[in-house]
Number of protein chains: 2
Amino acid sequence: MASGTGAGPAVVRSVGHVETQHLDLEEPLPLDCGRTLTGVRVAYETYGTLNEARDNVVLVCHALSGDAHAAGEAPAWAVEGTRDGFAAEERDGARGKTLGWWDGMIGPGKAFDTDHFFVVSTNLLGGCKGTTGPSSTDPATGRPYGSDFPVITVADMVRTQRAFLNALGIARLAAVAGGSLGGMQALEWAVTHPDQVDAVIPIASTHALAPQGMAWNAIARESILRDPDWQGGHYHGTGRAPVAGMGVARMVGHVTYLSAPALEGKFGRRLQHGDAVRYTVTEPEFEVESYLRHQADSFVRRFDANTYLYTSRALTYFDLARDHGKGDLARALEAVTARTLLIAFSSDWLYPPTASQQVHDALVANGRSSELHVIDAPYGHDCFLLEEARQTPIIRDFLDTDRLGDKNR
Amino acid sequence: MASGTGAGPAVVRSVGHVETQHLDLEEPLPLDCGRTLTGVRVAYETYGTLNEARDNVVLVCHALSGDAHAAGEAPAWAVEGTRDGFAAEERDGARGKTLGWWDGMIGPGKAFDTDHFFVVSTNLLGGCKGTTGPSSTDPATGRPYGSDFPVITVADMVRTQRAFLNALGIARLAAVAGGSLGGMQALEWAVTHPDQVDAVIPIASTHALAPQGMAWNAIARESILRDPDWQGGHYHGTGRAPVAGMGVARMVGHVTYLSAPALEGKFGRRLQHGDAVRYTVTEPEFEVESYLRHQADSFVRRFDANTYLYTSRALTYFDLARDHGKGDLARALEAVTARTLLIAFSSDWLYPPTASQQVHDALVANGRSSELHVIDAPYGHDCFLLEEARQTPIIRDFLDTDRLGDKNR
C-alpha cells in the first residue's frame, strides 16, 4: 500500500487515548414528527487534524447500539464496550481499556486515515451515550423524558449531525461513512445534503429494511414493551428497568447479526457441562445458549431500553424511496451528487447484498458514480465490524488516500 | 394417479367429522431423565380402517404447537386451530369448523390415503391438547405439574406412542411420518424400533437442530422464563399466565417458520394506516408488525407456556448422532431397516435441506433404502403444512398406495 508519492508503506497506529466530548446545540432542533427539541447535547469524538481548508472531514455514523467512541482507547470505566456479536469478545481482551467500535478502521494508515482525514464521530440523537435521548432530562419537567421523548427518524439524526457540524464550523464533508443504521445515515446525508457531501460509504446497509428485518426489530421492541418493568416508558428513578425484555431483544438482535455457519463454527452443538444433558428447561445446556444469556446480561448493563426502542423504530421507518421518491428508489436518489462506495457481505442476511445492489443500480441508472463491493465473508451482518482488513484497501482506494498523502499532512 | 389395478383416479375426500379420543396407559412410563410418569393419558384420533392383518397403520406425529387433530373437521369450540404461520389463516376460513393441521395430507385419495391406511395421530407427551403434560394434574399433589413435570425427550414421546399403540393392539407400523419435530419422532422410531417400522417419512426435519435453530429456541424459552407471570412454572390457578413472554416466543417462532421472500411477498413494507407513519414506538405501523402481534395474541389463547418450554427443550436436545452413535450419524442409523423418504424444502432455513441430505447420505452409506426430495418452494419451514399438493404424489408413490389399492380396502 505504498503511496503514489513514494512515501513508503503506511504505518498502522492507534489514535491513542481519547475522551468523549460534549457540545450543546444553541438552536432548537425541529423533528420530522413535528415536535422540536431544545437544549440538545451531542457527545462526540474526533481523530486526526482539521486542515486549513476544512475539507478533510469524515463523519462516521454508528449502528443501533454504538456510541461516539469509534476509535482509540478510553478507560474501561468511562466507556463500556459497544461492539456487537463476536466483535465484543475481541474487545473484552483489552483489559482496562476500551477500544472504539471501529478502531480497526480509524487511525493512522487505516481505512479512514487520520494522517489525512479529520474523523468525527457522534453519538446519535436518541442515544444513551451522551447525546440527548429518552434518558436525558426533559427541560420541561426536570425529569427524564422516558417515552415522552419524541419519536425520531434517521433524518432527525442527520439534522442533529448537521447542526453539530455547524457549531464546529464545518460546512462540507469529504465523506460520510457507517455500517448498518450508520449507513442509512450516510445515505440520508447524500440525499438531503447533496451539495455538502463529496462521498458516502454505506456499509452493510440498505435503503429500506426488508420485512424480515422489520419483523425482528418489532419482536425486539415487543419484548421490551411487554416487560412490566418498562412501566409505560417511565422507569427511570423507579429502581426497576426492563432488563428482562431488553435481554431478549438483544438475543434476537445478536442472532440476526451473525450467520448460521458462523454459529455452527463457533459453538456447534457443544454442551456446557460434559457429555450428558442435565434435563433442565431453565438453565443453559449448550454453549450457544450460555453465550446468548451472557451477551444479553452484559448488554442490559450498558444500554437504555428506550434508546433501543426509539432507534429500532427509526431504522424500521427509514425508507428512501417512500420518503424522498414517492415509492421510487431511483427518483429518491436523483439529487445525490456524492460519489458512493457500497460495501456488503455475502453472509449478511439482515442487510443482504441485494439491498446494496438496489442502491447501486438506482445510482447508476441516474448516471451517478457508484461502486459496489460484495465481500465474501462468513460472519453475517457483524462483518462490518470484523472484516476490517478487507474493507481497508477498498475504502483507501475509493478515498484516494495514498494520492492525498502529502496534501493534508 | 390411476391405480395399477385400473380402479381409476383416486377421489379426494375429507375424513369428515372427527372427535379426539383419550386412552389411559396402564403401565408407568419410564423416562430418559430417570423419572417415571404414572397415569399417562394420550389424546388421539384415527382415520380409515384397521385391516385384519393390522399391518396398514400409519402414525403421524405433530410439530411443536400441534395436536392430535390432524385431519377432518372438528367443531371449532372443541379444537382451536393449530396450524402455523400462513397456514393458520387458511384454516380460519372454515367458519365454525376446525380442519386438522394436515387435513390436506390425510384422507381418501390423499397422501396418507385412508382408503388404504389406518392413520393414527396422537398429541405428544408433554402436550396441552389432551395428552399428559405440565398442565395435567400431578397425581402426587392433586395440582397441575407445572415445572415439576419431568423434562422429556423425543425418545420419551416415542416411548409414549409405543405404549399407546400396544394398548390398541398394534404391533407394527406401515409408516411413521411427521414434519419438523414430528419428523424427529419418525427418525427416532426408525432407530429405536427398527423391527416394528416398515417405512419412515421425516419431512422438513433433521437429525439434530443446528446452532441457529437452537438459538431461536433458547430465545423463545428465555422470553417465557423471564415473564414474571411464569412464576417459576406454577402459574396454574393464579389467574395469571406468561402470555406476554409466550407471545414474543411465538413471534420468534413465526418468523423462523417463514422465509424472507415469503414475508416480502405477503407484506412488503406496507403501512397499516394510509401512506404516512404515525410516529409511535408502541403501536404497529407496518402490516408485518400487526400480523405478528395478531399471531401472538391468538396463540397464547390456545397454548400452554410450559408445554412450549418442554417441547422446545426436547427438540433442542434431539441429536441422533450423540444419542445413538457416539457422535457419528451413520453409526446412529446403523440399526435402521425401514425404508426412508425424506422431504425438505428449498426455502426452509430452520430445518434446511442440508440436514435431510446428511440423514440421506448416512443411510445410503449404510446400504439402506433412502429417498430424498427437495421441493423448491418459497414458504420456508411452513412448507410442510402448505405444500400438500406437491408432497402428495411423492408420498403416495413411496408408500406404493396405488398398487396397494384393493388389498386393504
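Glycine is treated like the rest: Cβ placed from N, Cα and C.
Curation does not apply to TrEMBL; its annotations are automatic.
Its Cβ placed at the centre, A:S180 (active site, nucleophile) has 28 other Cβ atoms within 10 Å. Taken residue by residue with DSSP, A:S180 (active site, nucleophile) is part of neither helix nor strand, so it is coil. Positions annotated as active site, nucleophile by TrEMBL: A:S180.
Sequence-distant neighbours of A:D348 (active site) (same chain, six or more apart, CB under 8 Å from its CB) are A:A204, A:S259, A:G380, A:H381, A:C383, listed in sequence order. Annotation comment: TrEMBL describes A:D348 (among others) as active site.
Here TrEMBL flags A:H381 (among others) as active site. Other Cβ atoms within 10 Å of the Cβ of A:H381 (active site) number 27 in total over all chains.
According to its DSSP assignment, A:R250 (substrate binding site) is helical. There are 25 other Cβ atoms within 10 Å of the Cβ belonging to A:R250 (substrate binding site). As annotated by TrEMBL, substrate binding site applies to A:R250, A:D382.
For A:58-386, the entry in TrEMBL reads domain 'AB hydrolase-1'.
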A:S180 (active site, nucleophile) to A:D382 (substrate binding site): how many Å between their Cα atoms?
-> 9
Cβ neighbour count (within 10 Å, all chains shown) around A:D382 (substrate binding site) | 29
Model confidence for the domain 'AB hydrolase-1' (A:58-386), as mean pLDDT, reads 94
